[in-house]
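Look at TrEMBL and you will find 29-489 tagged as domain 'Major facilitator superfamily (MFS) profile'. Taken from TrEMBL, the feature transmembrane segment applies to 30-47, 99-117, 129-151, 157-185, 220-242, 290-317, 362-381, 393-410, 430-452, 464-485.
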Amino acid sequence: MGRASLAGKPSTPAGIEVLHAWYGRRFNHAFYKNMALVLTFLTYALFHATRKPPSVVKSVLKGDKQLLAGATAKGLLSEADVVSSYGWAPFNGPSGQSLLGQVDLAFLAAYAIGMFVAGHIGDRTDLRVFLAGGMVLSGLMTTLFGMAYFWDVHNMSYFIFIMILGGAFQSTGWPSVVSIMANWFGKGKRGLVMGVWNAHTSLGNIAGTVIASACLQYGWGYSFVVPGIAMSAMGVAVYLLLVVQPSDVGLPTAGSYESVKSTDEPQPDDDTSAKPAAAEGESVTFWEAWAIPGVASFALCLFFSKLIAYTFLYWLPYYIKSTPIQGQLLSARQAGDLSTLFDVGGVAGGILAGHLSDKTGASALVATCFTAACVPALWLYRAYGHMTLATNVALMMACGFLVNGPYALITTAVSADLGTHESLNGNAKALATVTAIIDGMGSIGAAIGPFLTGYIAEAAGFDGVFGMLYTSAILAGALLVRLVIKELQTLRLVSVKGHMRVPSGVQLTAKA
């Protein structure tokens, strides 16, 4: 979205000016576009990398008396072993899992609330400054959480306060990178480029897990401090090098939020939907957007989908650490490293789901099939994942494939359907408002899932947690049924008329 009128006269980043002076010329459009692609990819990968340390250190904070006994017997009792054995107050008490769930809730609730307003703030300020500031402050909060280890802090209020601020600053990320990508990649420019770009979530999770796990041997605080510093440093790089839109470097504007809307969406045979675009129309209000048919159902669909994904994001290393595999418990580092395979499966699932959606145009149908298959995969992982390491790896990757694969497609199907609704009339501002509502509801689900996991695990064990995941997957798929029926009807028309006019996936939509 062009922001010159909202945020004042656009300026070229200082780092880009230095490059211009160094080379004695300006660069072509592809250079700035590719730089924006790389920077936003790394940016959002780091946003996710800084969300992983809490899941990796959960077992360390909770404590492991079996590790203490084994280390004592072997005469191996380093400082890191002592902390891992005794845990870290207040999380090493009988309500430790619940307290860990409260920490997750503080972060994710603040993130969810922030998602409802961050896009509007970003629209009214310099996106480069907004994003860079959010990154620096988010990195600072991640670092401060880890500093509790060095400062010997055991006050629950400290951890909650840091997580609330961290969640609020993290909410600046997605609205900003989506806007920037929309500025550089206009209609019909999604394809493989956007598919690769969307892998930042899983790759960020993997990187965050590997870094946090590797740092555990030096003390759990380093698992937060290292990625926190990396995030803040990247924020400085974004401030110096990121070109938000082509006009900032004197190039023609290449797109805006309306570029997100697919150009391949079907039109009824009578062409009654062919209406003039209203890219800069009046924004709908919050409640008017909720009243658009289907918004509530689609928002709840994302609610349940993100509940599943974020439960794995925040609790999988802890689950692996506390569940014997072939009768043996893994260390916290081993569990963290093993959990990255969930995201490896997620990358593969996302690529295949996107490919199938592009080929068929039936994104909701593809997403629903993945979601339906997710239920037996989750059950198999819970029932048989402990038998052998190979079985655990195979089933975990299958779960990642089916959980994360349709993740983007579910939000894509929602936006594509709403983008063709007559009440929007092509209004980009209305579509942005609806997208913010859907993503905000999804983020609420992301907050509730990890929070409930702490309490359910204490009361009913992980069988109860997986029961929650089965139910959520079923409900997420069920809420797409109406859109699936619509796509099947369109596919039937295609088979009769011999030509394809089915909605294709939109890659830049609501995301966590």
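Numbering starts at 1 and runs along the chain as it is shown here.
Cβ atoms are placed via backbone N, Cα and C, with glycine included.
Within the same chain, the transmembrane segment (393-410) stays apart from the transmembrane segment (157-185): fewer than three Cβ pairs sit under 8 Å, each pair at least 6 residues apart. For the transmembrane segment (99-117), the list of distant contacts is 51, 54, 58, 61-62, 90-91, 93, 156, 159-160, 163-172, 174-175, 310, 314, 318, 436-437, 439-440, 443-444, 446-448, 450-455, 512: same-chain residues at least six beyond its ends, Cβ to Cβ under 8 Å. Residues 13-16, 35-36, 39-40, 42-43, 46-47, 49-50, 52-53, 56-57, 60-61, 83, 88, 128-129, 131-136, 138-150, 180, 208, 211-213 of the same chain lie 6 or more positions beyond the ends of the transmembrane segment (220-242) yet place their CB under 8 Å from a CB of it. When each of 30-47, 290-317, 464-485 is scored by its Cβ pairs under 8 Å to the transmembrane segment (362-381), the top-ranked stretch turns out to be 464-485.
For the transmembrane segment (290-317), the partner stretch with the highest count of Cβ pairs under 8 angstroms, out of 30-47, 129-151, 464-485, is 464-485. Summarised as a single figure, the pLDDT of the domain 'Major facilitator superfamily (MFS) profile' (29-489) averages 80.
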